[in-house]
Amino acid sequence: MTTDSETVLGLSERRCWQAVRLLQAALVALSGYAVFTANPSLFANSGVPLALTLTPALVRREFDHEMGGGLALWIATAAFLHAVGAIGLYTWFGWFDQLTHTVSATLVAGVGYAVVDALDRSGTAVEFPAEFRFVFIAVFVLAFGVIWEILEFATGGLAALIGGEPVLAQYGTTDIAFDLLFNAVGAVLVALWGTGYFDGVARIFTDGMDSTGDAS
């Protein structure tokens, strides 16, 4: 089994995992409250993030790779921020939406880095320079952000048709502009300083590409 060792904010591996369990417990409580109050919007906005926090367990089972506590805490923090935003923080504090988009965008940027790094490692014909990686990560995050904004509009339109609260809230064109701006901020942060956290993910992608190439 391969293992990551990156941590965040100077926390030990053990402390990172303790924080992950605490955030997961909070998400379980939110999901339970959503079920108790028959609130499907809140359940979607807490249940899906809760499922995302189980990514390290899925990676360990399917790929025999132990994700580091730092990256696991990063995922859990992004999931928790989105869930608590859905209970009102997005409306009460305008900056909270930008904070959540920035943190979430760093994870998307990490996946983008892992993809381009895996492509670089698995092929000998093409080598991607650092400048290309930077641009790829930025474009990857912005493309994901555009898809997210479309989903927000779609859920809003669906809620207007069938009634009820939209699963994803949309606050107008100004909100879209700020969302995309802070998505870009998250992409830049990872491109400059955070790629090391995703080296393990890149190795998994590389192994998958290599095995696919061998099979063909």
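Keep in mind that glycine also has a Cβ here, set from the backbone N, Cα and C atoms.
Here is what TrEMBL records for this protein:
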type	residues	note
TRANSMEM	19-36	transmembrane segment
TRANSMEM	71-93	transmembrane segment
TRANSMEM	131-151	transmembrane segment
TRANSMEM	176-198	transmembrane segment
The transmembrane segment (71-93) vs the transmembrane segment (131-151): three or more C-beta pairs under 8 Å (separation of 6 or more)?
no
Checking distant contacts: for the transmembrane segment (176-198), what same-chain residues at least six beyond its ends satisfy Cβ-Cβ under 8 A?
4, 6, 68, 70-71, 74, 97-99, 101-106, 108-114, 117, 133-134, 137-138, 140-142, 144-146, 148-149, 170
